[in-house]
Structure formats: structure tokens, C-alpha cells
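Copied over from Swiss-Prot:
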- 1-19: signal peptide (SIGNAL)
- Asn66: N-linked glycosylation site (CARBOHYD)
- Asn74: N-linked glycosylation site (CARBOHYD)
- Asn258: N-linked glycosylation site (CARBOHYD)
- Asp286: active site (ACT_SITE)
- Asn329: N-linked glycosylation site (CARBOHYD)
- Asn361: N-linked glycosylation site (CARBOHYD)
- Asn396: N-linked glycosylation site (CARBOHYD)
- Asn422: N-linked glycosylation site (CARBOHYD)
- Asn475: N-linked glycosylation site (CARBOHYD)
- Asn660: N-linked glycosylation site (CARBOHYD)
- 723-751: region 'Disordered' (REGION)
- Asn725: N-linked glycosylation site (CARBOHYD)
Amino acid sequence: MAPSSLKWTLLCALPWTLASPASYNVHHARDSDAQAFSPPYYPTPHGGWIADWAEAYEKASQLVRNMTLAEKVNLTTGTGMYMGPCAGQTGSVPRFGIPNLCMHDGPLGVRNTDHNTAFPPGITVGATFDKDLMRSRGVALGEEGRGKGVNVLLGPSVGPIGRKPRGGRNWEGFGADPSLQAIAGSLTIEGMQSTGLIACIKHFIANEQEMHRMSSVVTQGYSSNVDDRTLHELYLWPFAEGVRAGVGSLMAAYNDVNNSASSQNSKMLNDILKDELGFQGFVMSDWFGNYGGVSAALAGLDVSMPGDGAIPLLGDSYWGSELSRSILNGTVPVDRLNDMATRILASWYKMGQDQDYPLPNFSANTEDAEGPLYPGAVFSPKGVVNKFVNVQGDHNVTARAIARDAITLLKNNNNILPLHRNDSLKIFGTDAGTNPDGINSCSDKGCNKGVLTMGWGSGSSKLPYLVTPQEAIANISSHAEFHITDSFPSDVSAGPNDIAIVFINSDSGENYITVEGNPGDRTSAGLNAWHNGDDLVKAAAEKFRQVVVVYHTVGPVLMEEWIDLEPVKAVLVAHLPGQEAGWSLTDVLFGDYSPSGHLPYTIPRSESDYPDSVSLIQQPFGRIQDDYTEGLYIDYRHFAKAGITPRFPFGYGLSYTNFNFSRASISAQSSLDTAYPAPRSPKGSTPEYSTAIPPAAEAAWPKNFNRIWRYLYPYLDNPEGARANSSRKYPYPDGYSTVQKPGPRAGGGEGGNPALFDVAFSVQVQVTNTGARKGRAVAQLYVELPDSLGVDTPSRQLRQFEKTKILAPGESQVLTMEITRKDLSVWDVVAQDWKAPVNGEGVKMWIGESVADMRVLCTVGEGCSTL
């Protein structure tokens with residue numbers, strides 16, 4: 001979501017234009033199967049036709065039938081920025097016991113509060129390739145959010161996916177692959193919602209760069225122009241799995257998609273999300289990402305956050321009272337409002353939040369116990385705002401396990417690692433130490449001082465404590481000398497047996513904060529180490545015979561200046577470790593655990609290895625067009641197609657031991673005797689309501705009502721005057737209709753046609769620890785599709801993975817991976833359906849420890865062989 005900075009709010013929200021998105025002219029060439037702009041799709045499909053949601057929708061619909069116009073509208077509109085304890089909150093319905101729903105960040109912990117856990121972010125979780133940890137972290141996030149009284153925790157993030165290596169918020173997601181994002185995201189959702197908290201999957205969709213994601217005084221926000229097949233096979237894939245997991249809410253992105261704003265893009269929200277994917281929850285805007293009133297409601301937006309209009313902090317809104325007016329004058333059908341309110345309440349009921357769910361016991365606006373209840377109001381009533389509830393439990397154990405099991409060993413010449421406790425160590429780099437100003441001194445982590453634990457922005461969290469690498473190493477070794485500086489000391493001595501450990505990092509974040517010339521994206525730093533980190537490594541390599549590099553990074557980095565230097569014996573990527581930075585690292589450095597992390601992205605030799613189309617768009621004026629001309633070929637898919645050997649491939653990661661893959665087998669589980677899945681079932685019934693425009697009195701101010709200045713209400717001063725005027729007609733978009741559609745052939749359930757998720761093949765492989773130390777291995781399964789499908793496909797696509805338990809030397813474990821029909825399918829842009837090779841003929845499945853290190857080949861119809 002957006003930041004809480006008042007300065008940012010005023011500067012960035014002023015210039016929004018209110019033009020219809022369909023009015024933008026397309027001035028660039030497009031593929032024949034692409035859309036110049038998102039075509040219309042109306043009306044918004046009703047929710048409630050999925051059997052698993054039937055009980056929740058029945059409860060919600062009974063309530064909505066008895067609610068007034070103002071009560072329904074109140075559910076859909078935030079109360080305004082700084083008008084409550086959370087990042088945002090909806091209006092309440094006291095008559096039915098519906099509280100303000102607290103919507104709060106974030107994806108790695110409860111933001112701007114106390115006694116919380118600062119977990120490792122998504123990119124670190126992805127590097128573990130550990131499904132159990134992915135779900136466990138989700139459970140812990142849910143427990144902490146619920147414990148603080150958060151109704152909707154704004155995560156996980158599966159967009160951006162990492163199309164652009166310099167992208168500022170890539171670290172919030174799980175890696176540069178749709179299946180990795182999908183598996184990690186859906187397991188996170190399952191864990192979070194098992195606690196009764198509502199998860200919010202974001203940012204929908206194609207939000208791959210921070211710079212120009214929103215309009216400025218001189219530049220309109222960019223449009224992500226992506227063709228239909230690429231959208232389905234890359235960017236939609238993780239959202240589909242999140243919907244299949246039953247996610248209760250979704251956040252629309254700031255950017256346009258095919259020249260239509262994400263929050264009022266009827267093709268994306270009505271057609272693809274709510275009809276094709278069968279999404280049953282509610283869609284909210286990102287903060288100040290709702291750019292219109294009627295257009296957004298008709299296009300499928302259900303909640304406007306934080307509620308304010310084009311000029312925040314003045315108490316106006318595109319929705320709120322204006323939505324009440326639009327209902328009374330018939331511009332927005334009552335049917336649409338009923339569905340909006342029902343979707344919100346259905347999610348509330350589905351997660352059991354009607355059963356003694358706690359109210360917010362914190363304030364994101366102050367650390368004081370008492371203060372204004374509505375900080376955005378000049379004359380706010382005051383009261384207790386912080387109860388300092390400790391929600392940490394034993395979640396530090398999970399946080400440490402994730403940070404530890406994500407650590408990725410890239411190089412280990414002469415087996416210099418693990419270290420011995422009596423080794424003579426010289427430690428260099430500020431990244432080993434703490435922020436001298438305090439671990440939480442920079443708002444939303446908007447600085448790069450000390451060890452890098454997370455990126456900056458609304459996806460960050462306050463650290464309850466921080467164990468730095470310096471502290472952890474000093475606790476273990478009495479032979480360590482620390483030089484916490486980014487300039488190599490001229491007077492340092494180097495003994496023949498000394499080992500230099502150099503800590504460097506690369507940072508990024510959200511664009512409302514600029515850090516050292518980087519406005520979110522890594523525009524200034526590029527993929528290089530910050531604070532002259534590359535020079536620090538080279539200086540150490542000139543002085544010492546043995547150098548170990550520890551890299552904390554948000555994503556891909558360049559290492560060519562020093563990776564092949566003879567003294568550089570070992571390289572560890574520790575990603576973003578959160579609060580357990582020190583202990584997780586020493587667990588691996590000193591050999592209590594073998595490293596078992598794998599790269600969730602490719603590390604290139606040069607930025608020129610990437611296609612030009614994934615560079616940051618830095619156009620200074622006008623409307624920015626970001627054309628996804630690379631199609632399906634991002635990250636490792638591109639490197640393979642272009643024949644470029646990266647420095648380290650996707651999925652790469654060494655261990656202190658070795659593993660053998662053997663005794664693989666493949667067995668068919670369900671029929672693939674047709675190219676397309678079995679036809680979908682018709683939609684089930686949905687709640688029915690009166691479509692009559694309600695009495696104007698339902699939008700009138702209650703008598704003797706005590707208004708709070710700037711608080712956004714659904715009431716009208718003159719509701720009778722809002723009635724329809726036959727002389728004025730609203731200019732509805734092309735294709736507008738109020739007739740419900742039967743739904744696309746690719747739909748039929750949450751995530752799409754249920755037949756897509758039939759298990760087509762089960763693959764087993766035995767993994768044996770053949771080394772001398774205990775450790776864990778990751779089996780990665782990549783699919784190669786045959787040419788018979790008639791379309792170009794990437795040579796290998798990750799579709800599944802499993803991680804072993806800790807295996808003792810000589811110990812084995814059999815891993816099972818299931819491959820669905822969808823895993824073997826391509827999106828047919830003509831049929832508008834998923835197409836698989838009949839009987840799986842010609843499909844190859846490769847199993848290995850990275851995309852470039854294959855150990856087993858399984859061919860459908862032929863069996864498996866060890867390579």
C-alpha cells in the first residue's frame with residue numbers, strides 16, 4: 001500500500017486525472033493477440049456461487065437485505081487517512097455489530113506497532129524452497145495480526161514478480177517465477193487465514209516498477225501493456241493460486257494495465273478476476289489508487305482505501321456520500337452496491353470474524369499510550385490508543401529458521417566454510433553492524449545503515465530487536481576483530497591464516513522514499529553493491545589470502561569485479577533476514593546447519609544480459625507505455641532462450657554436503673485424453689435482492705449526529721435532491737450492461753476450471769546424502785512442453801519443488817511432486833482456455849538442484865532416467 005507520509009499524500013494525490021481509461025489513444029504496435037487497451041466487461045459478476053463460500057454468503061446476504069443505503073455504502077469506503085488506528089479502516093455498521101474493519105500492513109509483520117515480529121520478507125521465504133516454513137510464517141503473521149486486532153493484513157505480495165531486476169519492491173514477493181510465487185503465496189494465505197484473519201493478495205496486476213507507478217505534475221503513471229497469453233501464464237498465475245486458496249481480499253495496483261487504470265479496469269477485475277478465476281472476496285484499491293467514482297464501482301472495485309478523493313485530508317471522497325448519491329440517481333445500480341457489501345461481509349463471516357474477533361489495540365500513528373482517536377481531525381476526541389499487546393509468542397523461532405534456511409551458498413573453494421570457532425577472523429563492512437542512530441530510527445526503513453534486514457516502504461516493519469552479525473559472531477568467536485566501516489582500513493594487519501569476512505548489501509523499496517538517490521527502484525545503484533561494497537571486497541582480497549563475502553540483498557546483484565579473484569573463497573547470499581540476522585547467519589557460518597537456500601532469481605554477469613524491455617522506464621513527460629515485448633521470457637527463461645550463461649542460475653545453491661538423486665518414477669493420475677479440460681459447471685445461485693432504488697431518507701444524516709471533521713460519512717445533506725434527473729445521462733463505457741453473464745469457459749471454480757487442478761502425474765525421486773555432513777536438499781521440477789502445442793514455450797519452466805528433512809550422511813528420503821493439468825498447459829488466446837498436450841505426449845520433466853543442474857529426466861510414456 002501507500003505510505004503514511006502527509007507530505008507524500010499531498011504531493012502525489014493532487015495531479016490525478018479523472019478521464020475515462022478507455023479514452024487513451026494507443027500509439028504503439030501490438031501483437032495480433034494483444035489488446036491495445038483493456039476491453040469492457042460488464043456487469044461485475046455476483047459473488048456467492050462457490051459452494052465453499054455458500055454459508056458465508058447466506059449470512060452476509062441476510063444482513064445486507066436489512067441494511068440501509070448508508071450502512072451499505074459505509075462498508076465500502078474508508079474513513080479517511082489518519083482517521084483511525086490502522087493504515088485504513090472501513091466505516092462501521094453499529095446496528096448490526098459490524099465494526100470498522102482494520103486494514104493494515106503488511107507482508108512481513110504488523111507495521112508501525114510494538115511487540116511484534118519482523119519476519120524475513122518474501123524474497124527470503126522464496127529462497128528457502130520450504131513449503132512448511134512458507135505456511136508456518138503465514139500462520140505466525142495471522143496470529144500477530146489477529147492479536148493486534150487487524151481484520152485484513154495487507155499481504156502477501158505476488159506482484160511484482162521480478163520482471164525488472166532493478167524493481168524496488170521485488171523483495172516483497174517470493175521470486176522471479178510464477179510457480180514459486182504461486183506456491184509460496186497460496187501457502188502464506190492458507191496459514192494467515194487459518195487464524196481468522198483476512199489475507200489480501202496484491203498488487204493486481206503487472207506492477208513491476210516503482211518509478212512512475214503514479215502520476216506526477218508532469219508525468220502520468222505508466223501503463224503495463226501485456227498480451228493475453230503472457231498475462232495468464234506469468235503475471236496472473238500466482239493470483240490464480242491465491243484465489244484457489246480462498247483469499248478473502250485483493251488489492252488493485254496503482255499502474256494502468258493496457259491503458260486502463262487497475263482500480264477501474266473492468267476486463268481485469270470483472271472478467272478475469274471475478275468471472276474467470278471465480279474470486280469470491282472483495283477488491284480494494286491501493287491507498288489513493290481509486291481514481292474515480294462510478295467508473296470504479298462498475299468495473300468491480302468493492303472498497304476504496306483510505307477513502308479520500310483526489311485531494312486528501314479535506315474530507316472529500318469519490319465514494320462515501322458520492323456513492324450514496326450515485327445509487328439514488330440510478331447511476332450505480334443498487335445491484336452493484338449489494339454485491340459490494342455482500343462480498344465484504346462474506347469474507348468477514350468466512351473467517352469467523354463475527355465470533356469475538358479482537359478490536360484494534362494499537363495505533364500506527366503514535367507510540368504513546370493515549371492520543372487522538374482520529375489524528376487526521378483537528379479537534380479529535382482522545383483516549384487510549386495503544387495497549388502494547390505482545391503478540392510475538394515463539395515466532396522468533398520461525399523467523400530464525402526462515403532466515404537460516406534461505407542462506408544461499410554460491411561459492412566455497414577449498415571448503416573454507418564452515419568456519420571453526422578458533423579461526424582468526426577480520427570482519428569488514430557496516431552491513432555487519434547496527435544502525436548507529438537506532439534500529440528503527442528511519443521511518444519505514446528509509447535508510448541504509450547497518451545490516452540490511454528488509455527493504456524500505458510500507459512493506460517493512462519495526463524491529464522489536466535486532467541481533468547483528470557482529471554481535472552473533474562476537475558471541476561465538478573470541479578471535480574476531482571488527483572493522484565496521486565501508487572504507488578498508490589502511491592499518492589492518494593480515495596474518496597468513498586470517499580469514500576476512502566482508503559484509504556488503506544492495507537495497508531498494510517503495511517510491512515515496514528516496515534513499516541515496518534511489519527512489520524505490522535501484523535507479524542510481526543499479527545492481528551494484530551499495531557504499532562501494534565491491535571496492536571493499538577487492539581491497540580485502542588484495543590484503544588477505546582468504547576472503548568470505550556475505551551479501552544481504554533485495555535481488556540480483558553483479559559480482560564480476562571480484563567473484564573470480566583467487567582470495568575470494570566463499571560467497572553467501574543471506575538475502576533479507578529480518579530480526580534474526582545475526583543468529584541465522586552464524587548457524588550456517590560455523591556449521592551448526594548446512595546452507596540449504598537456493599536463488600529465487602538469476603544472477604547475471606552483466607545488466608546487458610537482460611532484454612532491453614525489462615529496463616526501468618524513465619520517460620520524463622507524458623503518458624508512459626511499458627510494453628512487455630519480452631513476453632514469457634523473463635529471468636531464467638530469457639537466459640535460456642538467448643543462450644546466455646549467467647553467473648549463477650535460478651535455483652542455484654551449494655551445501656556443505658552432497659546429494660544424489662535416484663530411483664525416480666512417474667505415474668499418470670488422471671486422464672489427459674483431451675487437449676482442453678472438461679467443460680465447467682454452470683455457476684451456482686447467488687443472493688437475490690430488490691433492485692429498487694431505496695428511499696432517499698436512507699442517506700440522510702441521523703438526527704443530532706456529532707460529526708468529526710474530515711471523517712468520511714455516507715450521508716447527504718439533501719438526499720432528495722440526489723434523485724435522478726432525466727435531462728442528464730451518465731456516459732456509460734462502451735459495452736456496459738447490467739445482464740449477468742454465464743461466465744467464461746476457463747472458469748467454474750476458485751482459481752479457474754476445477755479440472756485444471758486435476759493431478760495429471762505424480763513424480764517420485766529418492767534423494768540421498770552422499771557427503772560427510774548432515775544437510776537438506778531441494779528437488780526442483782521443471783517442465784518442458786512439446787512443439788506439438790503449436791506455440792513457442794520456454795525450454796524449462798519450474799512447476800514444483802520439495803525439500804528434504806535434515807538428512808544424516810548416508811540417509812535417504814523419497815520426495816513426491818504432483819503435476820496438474822494446468823502445469824502442462826499453455827493459454828490458448830483464440831479458444832480462451834488452457835490447452836495441454838493430449839495424453840501428455842512429448843512432455844519432459846527435469847528434476848535437479850537448479851535450472852542448470854539436472855539430475856533426472858522423466859518423459860511421459862517412457863519413464864525416468866538418471867543423468
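Every residue gets a Cβ built from N, Cα and C, even glycine.
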Rounded Cα-Cα span from Asn361 (N-linked glycosylation site) to Asp286 (active site), Å: 24
Cβ-based isolation winner (fewest other Cβ atoms within 10 Å) among the glycosylation sites Asn66, Asn258, Asn361, Asn396: Asn66
Other CB atoms, at most 10 A from the CB of the residue listed as 'active site': 25
Nearest of the glycosylation sites (Asn66, Asn74, Asn258, Asn329, Asn475) to Asn361 (N-linked glycosylation site) - Cα to Cα: Asn74
Summary of DSSP states over the region 'Disordered' (723-751), given as helix, strand and coil counts: 0 helix, 0 strand, 29 coil
Cβ neighbour count within 10 Å of Asn475 (N-linked glycosylation site): 13
Per-residue Cβ crowding (10 Å cut-off), top of glycosylation sites Asn422, Asn660: Asn660
Cα-nearest neighbour of Asn258 (N-linked glycosylation site) within the listed glycosylation sites, Asn329, Asn422, Asn475, Asn660: Asn329
Residue, out of the glycosylation sites Asn74, Asn329, whose Cβ gathers the largest set of other Cβ atoms within 10 Å: Asn74
Where Asn74 (N-linked glycosylation site) falls in three-state DSSP terms: helix
